[in-house]
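Shown next, in structure tokens, is the structure this report addresses.
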């Protein structure tokens, strides 16, 4: 079923607006007090995922107005970029990280910081890579607006996350953690084994389910371009 520009616009405004409203200190504070930190994160993530699904669905069904491309090489680029994206998403879920948004529970060990020792803000970086790669690969007007907006929102993530970390942990404690992380061996500043396993499992799921669930089949497109 073909959608409309109006539906896409409404979905995009709802998605960005939900982030803007939830980021207001007064509203966020009341929600945290009423729900608790962990339930708040679960509800916030669920609403964000539902709205993002609506935005992407509306963008796919909206009329096409091509601005650039399509370029044959972009599918292979997307397939390559999504591997680190999935590992970074797994890190945001599985590894404690006081510097940025993390869904993992447990204490943070600066002597074995994991992904945070290499990339302070894995979740915003993952979304920025995902949005930037899809912006290059999808040159129609609606998807350019979609992925351009998501890229801008993702690039603001580290600044927002750093400000939240300063409020939560304090500047001195964060500085001490950074000093300890810098002294940690490089092997302890890499994603943990479970992060690699889950991230690569997610990557395979994306490769094989992207076609049936979303529409474009990246594996089939790569095989067509490179003649395998």
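Backbone N, Cα and C define each Cβ position, glycine as well.
TrEMBL entries are annotated by machine, without manual review.
Annotated by TrEMBL as transmembrane segment, the relevant range among 72-94, 164-186 is 72-94. The stretch from 39-60, 72-94, 115-136, 142-163, 193-214 with the most CB pairs below 8 A to the transmembrane segment (6-27) is 39-60. Within the same chain, residues 100-104, 114-116, 119, 122-123, 125-126, 129-130, 133-134, 136-137, 191-192, 194-196, 198-200, 202-203, 206-207, 218-219, 221-222, 225-226 sit at least 6 positions outside the transmembrane segment (72-94) and bring their C-beta atoms closer than 8 Å to a C-beta of that stretch.
Sequence-distant contacts of the transmembrane segment (193-214), counting only residues of its own chain at least 6 positions beyond either end whose CB sits under 8 Å from a CB of the stretch, comprise 56, 60, 79, 82-83, 86-91, 93-95, 114-115, 220.
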